[in-house]
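Now, the feature entries from Swiss-Prot:
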- 62: active site, tele-phosphohistidine intermediate (ACT_SITE)
- 299: active site, pros-phosphohistidine intermediate (ACT_SITE)
- 2-142: domain 'PTS EIIA type-2' (DOMAIN)
- 285-375: domain 'HPr' (DOMAIN)
- 62: phosphohistidine (MOD_RES)
- 299: phosphohistidine (MOD_RES)
- 156-284: region 'M domain' (REGION)
């Protein structure tokens, strides 16, 4: 994981416009020995090609491929502008993270930062922070509680099972492996009868042994009988804060609407969307899957091209990295798209709902096939 030094963070700075802000960041990169004097020209040129504004008040100015020879060593400089700097199209940046990288070394850092910065509350804290130490803690995620663990790694779907104990053991093992529970939780979760929520869904938890919030889901290939009641899926919850409540509410809503069968039929990505997103696909949604061929995945430039393509349409569009966490993201947010951690060869599923959904998916597919501004 990239380590950010407080010496690389500059709180309380001022800039009259975007160009002045970029020049300040470039000068700091030169001073730190990251780049030569000519790198600033690449940073300004990059901004002319594609805005480096990520969203949530964050911009990531960096050079073009033509100025990679100006990079002496990979590094970043973070500038905070409490009064804000207009970054174009009504966008205001309060934090600019200047990046110097000669290859794709910065992509891991970028994904690390976007996972932190995609939290709206953290972005607001970055704006109001007053010290380099506070900014560093926010950027490195040290002030964040661990996010709810519910992704592809927590799912066991369509297994051969004829009793709840099999599902209980699988979920307990997943939670233990994720560091979410201790041995006490595992013992209780396996020995105590889960709660029947109805429609084939059962729930398991424990008041003891919760180390972090996480949810594991196991689903049988075929429903089976438990003392005259139907069982098909078990949801096991480790609760160390209130994060699981939102998931349980979505689950309750599906049950109240008699739509729990959607969970029993869904693939992994759709199941995660139903439990973790308020923008989960409905029955009338269209979807399509495409493979990213860009050498360095979806970093800022191709990510921007993708988001700009999506913004041409009125439909609600989400994107899921099927080779990542499996959670859907708002396709109109560059920050959330970059945070998906898309690498070359990863499969993306797009869902679109609206009058122009079909046209949107075709345009997205064409844009990806064309290389998202980097050539096919």
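For all residues, glycine too, the Cβ spot is worked out from N, Cα and C.
Least crowded of the active-site residues (62, 299), judged by neighbouring Cβ atoms within 10 Å of its own Cβ: 299. Residue 62 (active site, tele-phosphohistidine intermediate) sits 12 Å from residue 299 (active site, pros-phosphohistidine intermediate), counting Cα to Cα. Secondary structure at residue 62 (active site, tele-phosphohistidine intermediate), taken from DSSP and collapsed to helix, strand or coil, is strand.
Residue counts for the region 'M domain' (156-284) by DSSP state, with H, G and I taken as helix and E and B as strand, are 50 helix, 38 strand, 41 coil. The predicted model assigns the domain 'PTS EIIA type-2' (2-142) a mean pLDDT of 86. Across the domain 'PTS EIIA type-2' (2-142), the DSSP tally of helix, strand and coil residues reads 63 helix, 34 strand, 44 coil.
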